[in-house]
Amino acid sequence: MASRLNMTLPVVEFWQRRVLKISGGIEEVGSLRWELVLCLILTWIICYFCVWKGIKSTGKAAFFTATFPFIMLLVLLVRGVTLPGAMTGIIYYLYPDMSRLSDPQVWMDAGTQIFFSYAIALGFLTSLGSYNPYNNDCYKDCFYLCLLNSATSIVAGFAIFSVLGFMTYEQGVDISEVAQSGPGLAFIVYPRAVAMMPMPQLWSVCFFIMIILLGLDSQFVGLECLMTSVVDLFPIYLRQGFRRELLLLAICCTSCTLGLTLVTEGGMYLLQLLDHHVCSGTTILLLSLCQSISIAWVYGAERFYGNITDMIGYRPHPLMMYCWRYITPIVCFGTFIFSLVKYTPLKFSKTYVYPLWANIMGWFFATVSLSLIPLFVLYKMMQGEGTLKQRFLLLCHPVEELPVDQKCLPALGTSGTPQHTELKPLSLTSTN
């Protein structure tokens with residue numbers, strides 16, 4: 001009865017049948033939704049002009065898109081906690097269900113959310129951090145970033161659940177019946193709750209401005225990350241004339257064209273498929289595992305520790321090396337294995353089960369994105385000289401010119417600890 005009632009709500013009708021005009025499944029692609037196509041084009045135009053001048057334009061745009069949503073969030077928080085029934089939602093938000101702690105899937109979802117929320121292994125933080133001065137205190141910045149991200153998530157939870165509590169107060173239902181996640185929360189539940197407030201248009205504008213700016217911020221930062229990586233690979237060629245701007249234009253046009261598949265009548269099914277297999281979960285875990293192994297065991301945890309010490313002028317806590325070597329790889333690998341063991345077929349709106357071919361396609365996209373790592377390794381090895389083993393060792397050999405605090409590099413003792421301070425450049429040279 002509740003599900004039939006929800007399907008007749010005006011906000012559900014508007015979202016699913018007017019905005020999306022959603023089809024019956026991923027196999028029913030349907031036609032393009034021209035309103036969404038225009039929004040998609042406008043989004044990429046905005047992203048282009050936010051990134052086209054490099055980090056200067058990106059920084060100016062991020063200053064607005066990253067700070068203004070905080071103002072909107074605080075406005076919505078103040079409004080939410082003053083509504084009748086808000087305390088019901090806040091209690092539901094804060095009061096833990098201890099029985100769920102024994103559910104391994106809860107820990108899996110929490111771990112995946114942390115990886116995605118902090119943009120770990122996506123390259124965003126690395127690319128933006130590369131523009132900082134060499135002696136910038138990146139160690140403290142990491143703690144500040146974690147605290148700010150967690151605090152923002154907590155405040156956002158108060159803003160959302162206070163409004164959900166008001167919604168249950170107005171309808172006389174349990175809050176578990178209205179609490180959702182994903183697009184359903186942003187485009188169905190919250191707008192439905194806002195419609196019950198005085199001056200609903202004002203609060204709707206505040207909420208969706210916040211959503212739009214957060215989306216734009218994530219998108220053009222990701223675009224800047226891609227541009228930084230490509231330009232750093234071919235600096236001599238791409239930093240001449242307007243080649244960087246032309247490359248950016250080509251990337252934006254290509255991305256916009258590919259995005260047309262997501263604004264069809266069946267695009268929402270494809271969006272969730274890509275989000276589940278490519279943009280989060282298993283893919284990010286494997287990328288994080290590869291990065292942690294590369295830094296701690298290939299490049300060397302002591303050498304990396306020495307690099308940071310040379311940068312910031314003091315030694316970070318030694319526990320960091322144990323995290324790089326053991327804790328992070330074990331957590332990533334364990335979570336990845338658990339995600340495979342507990343794998344369940346993907347569903348849309350808890351009702352539509354994706355066909356087998358769609359799940360295979362999702363895993364194919366995930367494999368393609370991850371295959372770039374070994375393919376690039378093979379490409380660099382093919383450019384080297386000597387035997388296959390010598391080429392591989394050359395790739396694993398750190399750059400000697402990189403500043404490092406020599407006191408952080410351990411001596412070679414009886415335990416067999418590698419003597420990084422005595423590493424000599426290999427006689428082999430790369431053909432590039």
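Each residue, glycine too, has its Cβ placed from N, Cα and C.
Those TrEMBL annotations? Automatic predictions, nothing curated.
Marked as Na(+) binding site by TrEMBL: SER117, ASN149, LEU214, ASP217, SER218. There are 13 other CB atoms within 10 A of the CB of SER117 (Na(+) binding site), with all protein chains counted. DSSP classifies SER117 (Na(+) binding site) as helix under the three-state reduction.
Taken from TrEMBL, the feature transmembrane segment covers 32-51 (among others).
Annotation comment: TrEMBL describes 63-94 (among others) as transmembrane segment.
TrEMBL lists 114-131 (among others) with the feature transmembrane segment.
Residues or ranges marked as transmembrane segment in TrEMBL: 143-167 (among others).
Remote same-chain partners of the transmembrane segment (202-226), defined as residues 6 or more beyond its termini with a Cβ less than 8 Å from a stretch Cβ, comprise 43, 46-47, 50-51, 55, 58, 61-62, 64-66, 68-69, 72-73, 75-76, 79, 122-124, 126-128, 186, 190-191, 194-195, 248, 251-252. Annotation source TrEMBL lists transmembrane segment at 202-226 (among others).
What TrEMBL lists as transmembrane segment is 246-271 (among others).
Feature annotation from TrEMBL assigns transmembrane segment to 283-301 (among others). Within the same chain, residues 112, 115-116, 120-122, 277, 321, 324-325, 328-329, 332-333, 335-336, 339, 366, 369-370, 373, 396, 398, 418, 420 sit at least 6 positions outside the transmembrane segment (283-301) and bring their C-beta atoms closer than 8 Å to a C-beta of that stretch.
The feature transmembrane segment is assigned by TrEMBL to 322-340 (among others).
Sequence annotations record features per position, and here TrEMBL assigns transmembrane segment to 360-379 (among others).
Nonlocal intrachain contacts for the transmembrane segment (360-379), taken as residues 6+ away from its ends with a CB within less than 8 angstroms of a stretch CB, comprise 273-274, 276-278, 282-283, 286-287, 290, 346, 354, 395. Following the DSSP three-state reduction, the secondary structure of ASN149 (Na(+) binding site) is helix.
Annotated Na(+) site SER117, ASN149, LEU214, ASP217, SER218; additional same-chain residues within 8 Å of its Cβ mean position, judged by their own Cβ, are ALA119. Mapped onto three states, the DSSP output places ASP217 (Na(+) binding site) in helix.
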